[in-house]
Amino acid sequence: MLDSFTILTKGGIVLWSKEFAKIKGSPINSLIKKVLLEERSAETSFQIDSYSLKWTFSNEFDLIFVVVYQKIFTLLYIEELLTTVKKRFIKMYKDLLLKLKESSDFIIVDKFQEFNFEVILEDVENRSKLQQTSNSAPKKYEDTDKGKLVKDQKNERAIKEGRVEKVKRKEQEKKEKAERRKQNKANNINDISSDDDSDDSDSSSGSDSEENSNGATKNQQTDVARIENSGYKKKVKDTPDKQASSSTGKKARTWEDGKLSKKELEALNRSDNSNGTEIVREKIQKFNIDMDVSSSDDDDEEEAKPVSGFMKYFNVLTGNRVIDKQDLEPILADFKLHLTKKNVAPDVADKIVQSIGTGLEGKKLATFQGVTSVVKQQMEDTITRILTPKRNIDILREVQAVKGKRPYSIVFSGVNGVGKSTNLAKVCYWLTANGYKCMLAACDTFRSGAIEQLKTHADRLNVHLFERGYSKDAASVAQDAIAFAKDTGYDVVLIDTTGRMQNNEPLMKALSKLVNQNNVDLVLFVGEALVGNDGVDQLTKFDKSLSLLANTTQTHIRTIDGIILTKFDTIDDKVGAAISMVYSTGHPILFLGTGQNYTDLKRMNIKSVVKSLLH
């Protein structure tokens with residue numbers, strides 16, 4: 001049933017391996033690259049091609065035990081096999097493993113070939129078969145699916161009958177209340193009529209026929225007085241003079257399908273010669289794009305101070321020589337809560353915490369090694385590995401590589417209102433300051449005012465804006481813009497796109513068409529640093545939609561290449577969105593938006609983000 005079983009060190013040295021069938025490709029290398037190096041070791045299984053892989057760690061000796069089998073099979077004994085092999089292997093070669101851990105030069109792989117794996121496998125398989133046969137005893141009728149169904153139907157019938165009785169009782173109570181209300185009303189009417197009869201008998205008949213000067217009776221006068229006292233007033237129609245005075249302040253309605261006046265046309269004019277407005281040009285100059293980060297000496301000072309902040313939770317482990325699962329559980333629960341407070345998405349926080357726990361469990365401490373320092377280092381290493389980009393994107397170097405041959409094209413995508421146009425202008429300023437000739441392409445042909453907004457940036461930065469107006473095909477506009485840039489000698493084309501929700505299929509299909517049809521060099525997702533779960537959902541769905549909705553015959557389908565996080569200056573130390581987005585997709589964060597000026601664009605400093613997250 002198994003295809004292979006491998007025992008290797010965390011450094012990549014294979015100590016023992018056994019193949020039961022020919023393996024296609026390198027599933028273990030894929031596991032290391034896509035799971036272990038990306039801090040996803042908390043996951044229980046990994047599938048690639050036709051294989052399913054499961055693994056376990058021995059942190060005390062820095063070992064990994066990996067089993068590979070066909071994913072079409074459901075093998076119930078895999079977990080037990082991994083645990084048993086780990087215990088037997090460590091018990092059998094403990095001294096060798098200690099020497100290997102102390103010195104990487106001490107490698108005697110031949111010594112491990114004596115390990116008798118087949119005996120352990122046969123023993124585990126037999127125990128699994130016995131357990132399955134014992135579990136296959138006849139079930140009681142109540143435990144079968146049919147018995148459960150009958151039981152559920154009986155319960156539902158009883159609930160319905162109870163509800164019917166309850167409804168009947170309520171209806172009966174309503175009828176009784178209505179009867180009582182009628183009876184009370186009839187009694188009140190009888191009392192009033194008897195009072196009226198007594199009043200009529202006391203009054204003379206002549207008084208009933210008396211009239212006032214207008215011919216109205218006294219009773220009618222009383223009715224009029226009662227109405228006036230009640231506050232009711234008959235609406236009096238305004239006089240023509242009053243209507244004229246009130247209509248002077250009202251503006252005429254402007255109908256959308258009517259003709260525009262000359263004044264209205266002038267108000268809508270956005271051309272350069274409108275009202276002779278002077279354009280304020282930005283002074284382009286180089287600026288420091290790297291984040292400010294405190295000196296490394298501060299870390300040494302912090303070590304001398306008493307432990308505070310989140311790391312105080314680890315004081316409870318002081319004195320333990322080996323970290324076990326029971327020690328870690330309450331601490332990791334607190335750390336998960338700490339991460340969510342820092343705006344890390346809950347599911348991402350859970351996976352990170354599990355990965356940290358997996359890396360710490362069973363770790364043996366040196367004689368004078370503090371638990372706090374070990375745990376802190378493990379956390380820093382884990383989060384640093386998550387944020388470290390797997391693909392190094394150097395925009396300046398890539399632009400320089402194609403300069404003179406063709407323009408380098410960058411697409412800015414994202415949902416509505418995150419600051420795509422603003423950050424496009426910031427990147428344009430940065431590239432222009434580094435000596436490259438840039439052009440803006442207005443491919444947001446959907447939102448009213450988008451072209452005018454981009455034109456404002458183009459005028460201030462003194463760069464050319466390529467536009468074809470509204471209601472045009474964005475992919476065709478981008479294609480024409482890139483062709484125009486090539487003919488006129490531009491180095492970079494920055495393409496602005498329509499803001500769209502991640503579940504809007506027509507707009508996502510249009511974005512996929514733009515990206516894949518024009519074979520752009522870089523696709524950036526612009527997201528807010530303020531969001532947690534929403535940002536992850538937006539990014540993952542944008543990423544999937546670009547590939548799934550692509551209508552192209554190209555073998556290489558384009559997806560998101562990098563991330564720009566905006567409004568980073570508003571979140572203080574709640575930097576969790578950066579962790580969530582990078583962990584969920586593996587895409588690097590290229591820039592951080594830190595303000596409203598063109599120079600408020602920074603590269604992310606991983607050390608600074610880790611420090612904010614852990615304190």
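Cβ coordinates come from backbone N, Cα and C, glycine included.
Positions annotated as GTP binding site by Swiss-Prot, on the basis of similarity to another entry: 414-421, 496-500, 566-569. Residues annotated as compositional bias 'Basic and acidic residues' in Swiss-Prot: 139-181. If you look up Swiss-Prot, you'll see 193-202 marked as compositional bias 'Acidic residues'. Among the features that Swiss-Prot reports, compositional bias 'Low complexity' is placed at 203-215. Taken from Swiss-Prot, the feature region 'Disordered' applies to 131-257. Taken from Swiss-Prot, the feature region 'NG domain' covers 408-614, and the record attributes it to similarity to another entry.
What Swiss-Prot annotates, mapped onto the structure for a quick look.
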residue	record	Cβ contacts under 8 Å, 6 or more apart
G414	GTP binding site	K420, G499, F525, V526, G527, Q538, F542
G417	GTP binding site	G499
T497	GTP binding site	V411, F412, S413, K420, C443, D444, A474, L511, L514
R500	GTP binding site	V415, N416, L507, M508, L511
F568	GTP binding site	A529, L592, G593, T594, K602
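Look at F568 (GTP binding site): DSSP puts it in a helix. Summarised as a single figure, the pLDDT of the region 'NG domain' (408-614) averages 87.
For the recorded site, K420 (GTP binding site), the DSSP three-state label reads helix.
G414 (GTP binding site) falls outside any helix or strand according to DSSP and counts as coil.
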